[in-house]
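Before I ask anything, let me first share the structure, which is written out below as structure tokens.
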Amino acid sequence: MSDCIFCKIAAGDIPCNKIYEDADVVAFHDIRPIAPVHFLIIPKLHVASLADCGPEHEALLGRIMGLVPKLAAEQGMSAGFKTGINTGRGGGQEVFHLHVHVFGHKG
Ligand code: 5GP
Ligand code: ZN
């Protein structure tokens, strides 16, 4: 998707404060954090939202969710963290490229 900001981040065309990358997934700090630690995990594949996911995306969703505790621990969120997926306009989604919010405090 040439006009998708998260596709551009995934491709390295727009800079981000990256904390993780592999062949399928990128994680980076949110540009407008709502907590002392706030990062996003996205698939490199353009999927507009959770509402657009089907059985073919289950493995990818599992990979993303499986990374949450590892990355949260690396960010020092030892007491726990919050996760969220805003879906659709009614769900408060602003960027229509699937992403998982992880936010909270260090310690
Ligand atoms: P949502 O679509 O779930 O409402 O949230 C999109 C999130 O992406 C927001 O928290 C916003 O601050 C973040 N965001 C939007 N554009 C950029 C960007 O260019 N870089 C980064 N790092 N975060 C962004
Ligand atoms: Zn995209």
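Backbone N, Cα and C atoms are what each Cβ position is placed from, and that goes for glycine too.
Remember, TrEMBL labels are computer predictions, not curated facts.
Summarising the annotation, TrEMBL assigns active site, tele-AMP-histidine intermediate to H99. Positions annotated as domain 'HIT' by TrEMBL: 5-107. TrEMBL lists 97-101 with the feature motif 'Histidine triad motif'.
Each of these features: where is it, how hidden is it, and who are its neighbours?
In sequence order, F6, L40, I41, I42, I85 are the residues near H99 (active site, tele-AMP-histidine intermediate), counting only same-chain partners six or more apart with C-beta under 8 A.
Predicted-model confidence for the motif 'Histidine triad motif' (97-101) is 98, expressed as mean pLDDT.
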May I ask for the residues of the chain that lie six or more residues beyond the motif 'Histidine triad motif' (97-101) and have a Cβ under 8 Å from a Cβ within it?
1, 4-7, 30, 38-43, 46-50, 52-53, 64-65, 68, 82-86
List the helix, strand and coil residue totals of the motif 'Histidine triad motif' (97-101) as derived from DSSP.
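Summed by class, the stretch gives 0 helix, 2 strand, 3 coil.
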